[in-house]
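Below: one structure, written as structure tokens.
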Amino acid sequence: MKPIAIYPGTFDPLTNGHVDIIERALPLFNKIIVACAPTSRKDPHLKLEERVNLIADVLTDERVEVLPLTGLLVDFAKTHQANFILRGLRAVSDFDYEFQLAHMNYQLSPEIETIFLPAREGYSYVSGTMVREIVTLGGDVSPFVPPLVARHLQKRREK
């Protein structure tokens with residue numbers, strides 16, 4: 001039986017880079033749980049429930065489950081019987097931070113391993129922060145996010 005992975009993030013919003021990481025990781029795992037985390041920003045662009053629902057609507061593979069992340073990531077992983085944490089790396093600059101997180105998670109729960117997948121070249125510059133900035137300034141985000149997410153962001157902007 002293939003293992004279960006947790007793919008954590010704020011996904012505010014879900015980008016094509018996130019989707020690419022999940023699609024490339026699916027052959028490695030029996031199941032991937034996308035753990036949508038609350039954001040530390042006082043005013044998230046999308047509410048947690050909105051993000052969870054959008055992600056679930058975009059990622060329709062039965063091996064993908066989308067849940068709100070509660071508590072410590074390693075505790076969440078144990079609760080859902082996951083033995084891997086999946087992380088995407090866009091650039092070398094991501095590695096230092098992710099490496100520290102991986103070691104901290106290992107200290108908290110050595111039975112849970114962190115797996116890194118590098119972003120494909122076409123996605124290495126895409127970030128939720130940049131997408132939010134483009135939305136705020138009235139730009140077109142359709143090259144960077146799934147069509148469903150682009151439509152949702154456009155509707156929110158028109159309100």
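In case you wondered, yes, glycine gets a Cβ from its N, Cα and C as well.
Computed from a predicted structure; not experimentally measured.
Counting Cβ atoms from all protein chains shown, THR10 (substrate binding site) has 19 others lying within 10 Å of its own Cβ. Residues or ranges marked as substrate binding site by Swiss-Prot on the basis of sequence analysis: THR10, LYS42, LEU73, ARG87.
Non-local contacts of SER124 (ATP binding site) by the CB criterion (under 8 A, 6+ apart in sequence, same chain) comprise GLY17, ARG90, ALA91. Summarising the annotation, Swiss-Prot assigns ATP binding site to THR10, PHE11, HIS18, GLY88, LEU89, ARG90, GLU98, TYR123, SER124, TYR125, VAL126, SER127, GLY128, THR129.
DSSP assigns HIS18 (ATP binding site) to a helical segment in the three-state reduction. Residues or ranges marked as site 'Transition state stabilizer' in Swiss-Prot: HIS18.
The number of other Cβ atoms within 10 Å of the Cβ belonging to HIS18 (ATP binding site), over all protein chains shown, comes to 25. Taking CA atoms as the reference points, THR10 (substrate binding site) and LEU89 (ATP binding site) are 15 Å apart.
Around LEU73 (substrate binding site), a 10 Å sphere centred on its CB holds 22 further CB atoms from the protein chains shown.
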